[in-house]
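As recorded in Swiss-Prot:
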SIGNAL    1-20  signal peptide
TOPO_DOM  21-588  topological domain 'Extracellular'
CARBOHYD  22  N-linked glycosylation site
CARBOHYD  39  N-linked glycosylation site
CARBOHYD  59  N-linked glycosylation site
CARBOHYD  340  N-linked glycosylation site
CARBOHYD  418  N-linked glycosylation site
CARBOHYD  436  N-linked glycosylation site
CARBOHYD  551  N-linked glycosylation site
TRANSMEM  589-609  transmembrane segment
TOPO_DOM  610-618  topological domain 'Cytoplasmic'
TRANSMEM  619-639  transmembrane segment
TOPO_DOM  640-650  topological domain 'Cytoplasmic'
TRANSMEM  651-671  transmembrane segment
TOPO_DOM  672-830  topological domain 'Extracellular'
TRANSMEM  831-851  transmembrane segment
TOPO_DOM  852-938  topological domain 'Cytoplasmic'
REGION    906-938  region 'Disordered'
COMPBIAS  922-938  compositional bias 'Low complexity'
């Protein structure tokens, strides 16, 4: 036992010595640099927070034992050149890491120096998304990248249903790169930046006003403002003067606004009045213990600050505080891994010679790569929440508060997180649940928008540039009821035009427009070329009989269809005379066969049920066969003479007569239709038979039917013939394929209906083989298409759409076209139509026969017992057993064929004969039971 104690003591001594050696190997102080701009709001807060963090770390024995952080701070005063010089000064004095800079633009330059000298550059405010760890490995962003902020803004735009936005931003790396990221995120959501309005850093009030005037002339009323606080506040002041912070506008400012407002002890009411209804974002931080401790002693920290100004703690101050702790944890791990603070000359700098340049003072941090690795491996709970990096070098769990500026303060209306999107529940609560970013879960509280309204801004208006939107209309030469252009006056009219004008008049805002004809006035134009004019910006919209098809929806947006359409087959037809065998046409062959079989089945079933009790169903076999046929078919006319006496027989007859009544009524109605309505026939039965044949097919010039037949259905181009007018339709069909015409025409239903109204001798065969409609075409993501769709639905609901239809097309045109549609199997009834009736009747027959058979077997068993009791005993041999079965079958069939009354009479006679001879049988007497069986008594 003492030996074990000695070993344990030796082990503890060795560990203590090793630890002492490890600690003693650490330097007494580690030099770190920090760069701020005290003339900025973020810089003032961050400077105090960094000093507080250094003091807390140096007074904490659990972190960096035996080593103190030696902080050296420089004030760049937002001067980029000065910031670069100060960074060089840090690197001349063996600095292991630099906290800062504030500016993304400065960070781009300093990151190159950090990469060369292996000094980690840890910035808590450089949010430019292009400052990636791939290009700048020694740049460490200790705040949330603008990549996530722009994702949050894009989610806001999608949540409110806006498709176009205008961006105003400062024209530097910070502004340009963030807006570029926003554009990428919006495109993923089928939205876009309509207009980008940059302004130079330090722009004057007049310059910003000029930018805003251009923005006001754009159609988008959703404005994203990404700027520095100084210039951003000027934007709001000038926008208020121009009336741009009013009803109809929606403003979203990035987190620069909250970074300016949050530190303010007293919010300036005059300043807030310039941004009423603005939405902005704020970095979301959890309520951690370290955050509470820092907030509670903030006022004391301000007294120690040399600035003597009062301001509150902001989220950037929390990130600055966590940055120092992040570096401390990394240095602790660095020393624990055996790292040493040492520097060596950069051989590349030795090759550069220059008077007055002290380049040899710049040295490479030998342990920089190891320290960088330890920084990326930190994992602790800081003032902002969990501090940890993902594989891309970004802090985990990026989140923002969505803040609304209203009245004299700020109101949080929701949250955004990369985990669950928009929500009214805090992100740290949602982290405990499975991720869910469905549309139903994306929620925010109500927002009061500019103009003090709770109604969400529409987000766009027509641009205030005095220009009208150009609307292309097809200059048709046929079917001009739908759309036509007067060659003399240039007036555009037709059903499509009236629908468009009626829909435009329902909009809540004016739409300046003018119609521009498209075509050569000799033949119908190509509608595909007309749609392409929208893509090339020759037209702002297309109005006409434009079919909504898949290929077109990929390049333009369509409104709600205002006319239903679809491709049909039109062909010549011949009259079909009724003929002498017309009475057979109401039923199909299968229906005739099944009906005839059921007549025979019913006759047979009734004969089986009535044969033993009804003399009308007895007699010689020939007579019985005739009776079965006569009885079954006479039920067709309800003229059967034979009386049914059994209950089961009557049950079957009742059901069968009901079936006969239905069949007879249907037959009469169908035959009447066949004999009184003109029947038409055609060798073409629909699109399938048309494709498989080799006959030529006509189509309308300019229609999509040509491409559909050739590309989708595989019809050879040599079979397709272009036709330009109803007259050409009629002529081609009259000639037929043998004389240079066509066998059929494939076109859209509205045109065919109009053609059939004037030419009733033709007909549509088969059914529509495509389903589509006509709509108005607009550029992709055009908000006008959405509003017009709503207006078209309103026209349909209030009946105006039908009234416009009746104005241009005859009211009875539809009924005429429907009457001209050809059914290749008119009014013929199939078995399927009566399957339920036949099934019920069949089940009734089976049920009746089952009961009848059970009753018959029961009667036979009693009869056999009376006739020969020994026959019921089992036979001894196989031969006798076979004879017994044959005799039993013959006996049963004989019994089933006999009249039931005869069997009862014979049983009674036998019973009375046995009773009369009772005196000579040794006192044995027999009595007859009520059921015809006999019992013996001694």
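The count begins at 1 with the first shown residue.
Cβ from N, Cα, C; glycine included.
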Residue 551 (N-linked glycosylation site) as reference: those glycosylation sites from 39, 59, 340, 418, 436 with C-alpha within 10 Å of it: none
Of the glycosylation sites listed as 39, 340, 436, the one whose CA lies nearest the CA of residue 418 (N-linked glycosylation site): 436
For the transmembrane segment (831-851), distant same-chain residues with Cβ under 8 A (at least six beyond the ends): 588, 590-591, 594, 598, 601-602, 605, 608-609, 648-649, 651-652, 655-656, 658-659, 662-663, 666
Those glycosylation sites listed as 59, 436, and which of them has the most Cβ atoms within 10 Å of its own Cβ: 436
Arithmetic mean of per-residue pLDDT over the topological domain 'Cytoplasmic' (640-650): 72
Euclidean distance between Cα atoms of residue 39 (N-linked glycosylation site) and residue 340 (N-linked glycosylation site), Å: 37
Inter-residue C-alpha distance, residue 59 (N-linked glycosylation site) and residue 436 (N-linked glycosylation site) (nearest angstrom): 44
Neighbour count (Cβ, 10 Å) for residue 551 (N-linked glycosylation site): 12
Neighbour count (Cβ, 10 Å) for residue 39 (N-linked glycosylation site): 13
Residue, out of the glycosylation sites 340, 418, whose Cβ gathers the largest set of other Cβ atoms within 10 Å: 418
DSSP state at residue 59 (N-linked glycosylation site), helix/strand/coil: coil
Inter-residue C-alpha distance, residue 39 (N-linked glycosylation site) and residue 436 (N-linked glycosylation site) (nearest angstrom): 43
